[in-house]
Amino acid sequence: MITTDICIIGAGPVGLFAVFEAGLLKMRCHLIDYLPQVGGQLSEIYPQKPIYDIPGYPEVKAQELVDNLMDQIKPFKPTFTLGERVDHLAKQEDGSFIITTNDKTQVHAQVIVIAGGLGVFEPRKPALENLEAFEGKGVTYMVKNPETFRDKNVVLAGGGDSALDWTIYLAKIAKRVTLVHRNETFRGAPDSAAKVFDLASNGKIDLILSANLKEISGNGKLETVTLETKNKEELNLEADYLIPLFGLSPKLGPIADWGLNIDKSAIEVDTRDYSTGVDRIYAIGDINTYPGKLKLILCGFHEAAIMMHSAFKYVYPDQKLSFKYTTVNGVNAF
Ligand SMILES: Cc1cc2nc3c(=O)[nH]c(=O)nc-3n(C[C@H](O)[C@H](O)[C@H](O)COP(=O)(O)OP(=O)(O)OC[C@H]3O[C@@H](n4cnc5c(N)ncnc54)[C@H](O)[C@@H]3O)c2cc1C
């Protein structure tokens with residue numbers, strides 16, 4: 001079991017900055033995110049898009065902001081569980097919580113901060129009859145650890161940036177990579193599409209266009225992926241892994257069942273400290289709602305600062321908190 005002062009659900013920009021605000025008050029954080037990387041919407045949806053409304057940055061690329069936030073919180077040594085979804089929350093007799101993820105990781109924390117943004121980004125799944133039977137047995141929707149695919153036959157499906165990027169990456173380590181796409185052209189970055197066409201023409205990958213996934217089969221684990229081409233021909237591919245990358249759609253997910261006040265998929269909070277009405281549970285960033293709420297990164301940063309000052313009383317019940325600027329205390333590492 002992981003033990004921490006504050007467990008932050010969601011490692012988007014707001015969850016990350018909350019670590020800094022907690023660290024200034026000597027509170028340790030553990031973050032959990034369903035995505036395999038930190039950065040939330042910024043890293044997942046628009047890493048190369050410039051952002052113009054972060055104070056002090058006339059322009060910053062989304063991924064650069066995430067990288068800078070990671071640098072900023074480094075002194076406070078946050079710990080992470082990535083690629084896992086928080087499913088369950090159990091209140092303990094002393095008021096603290098035990099959180100459990102879908103992979104059964106458990107975190108014990110005095111305070112829970114929900115910085116879950118738009119919710120869990122659930123993968124869009126292909127319509128294959130026996131898909132669920134092969135999930136975790138060859139079918140996977142994200143690349144958590146590329147080494148899993150070393151020397152394996154991997155079939156990727158999709159036409160966006162993730163499908164292109166992972167095809168390029170896995171071509172270097174897999175035994176054979178096949179990319180299947182239902183169209184002739186790609187939605188992803190033209191530069192990446194050009195690299196994929198190059199790899200195919202040099203025989204480094206197999207590229208099968210205008211084809212759809214039709215069937216998967218195997219004995220206890222995935223062995224064959226069957227495709228259907230636009231001419232209704234069937235193709236059988238030997239496969240250890242199938243990675244359908246058809247995009248992600250956000251859902252509030254399990255958080256909706258935790259007894260919080262939910263209004264249109266957002267958690268209602270008290271703007272004095274962004275508490276949820278359930279003792280020791282706070283909600284900050286895009287996931288919360290209150291009169292006048294703006295879904296902006298800088299608003300989430302503000303909420304994180306106020307919220308952590310309120311949470312201090314649960315972590316240090318015997319201490320009185322007095323407000324100080326960072327110039328007085330400095331950023332003291334743990
Ligand atoms: C195209 C686009 C452009 C934008 N441009 C700007 C801009 O220029 N300026 C600006 O200020 N804002 C912009 N925004 C909005 C900005 O991205 C959001 O306000 C910001 O991402 C909110 O941060 P967050 O940390 O609250 O949530 P997110 O970034 O959504 O992160 C939340 C994280 O929580 C995780 N999560 C949720 N539930 C669970 C669970 N149960 N278990 C585990 N993990 C969970 C998710 O996987 C996600 O990674 C833009 C948004 C989009 C889509």
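Glycine too: its Cβ is placed from the backbone N, Cα and C atoms.
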Open item on the list: Using only what TrEMBL says about FAD binding by D33, Q41, Y46, V86, F121, T327, identify which of D151, D165, D279, D286 is listed for that site too.
Closed with: D286
Open item on the list: Please check the binding-site residues Q41, D286, T327 against ligand 1 and give me the ones with CB under 6 A, sequence order.
Closed with: Q41, D286
Task: Assigned conformation of Y46 (FAD binding site) - DSSP reduced to three states - done: coil
TODO: For the binding-site residues Y46, F121, work out the Cβ neighbour count at 10 Å and name the residue with the minimum.
DONE: Y46
- [ ] Give the helix, strand or coil assignment DSSP yields for F121 (FAD binding site).
- [x] strand
- [ ] Provide the three-state secondary structure of Q41 (FAD binding site) computed with DSSP.
- [x] helix
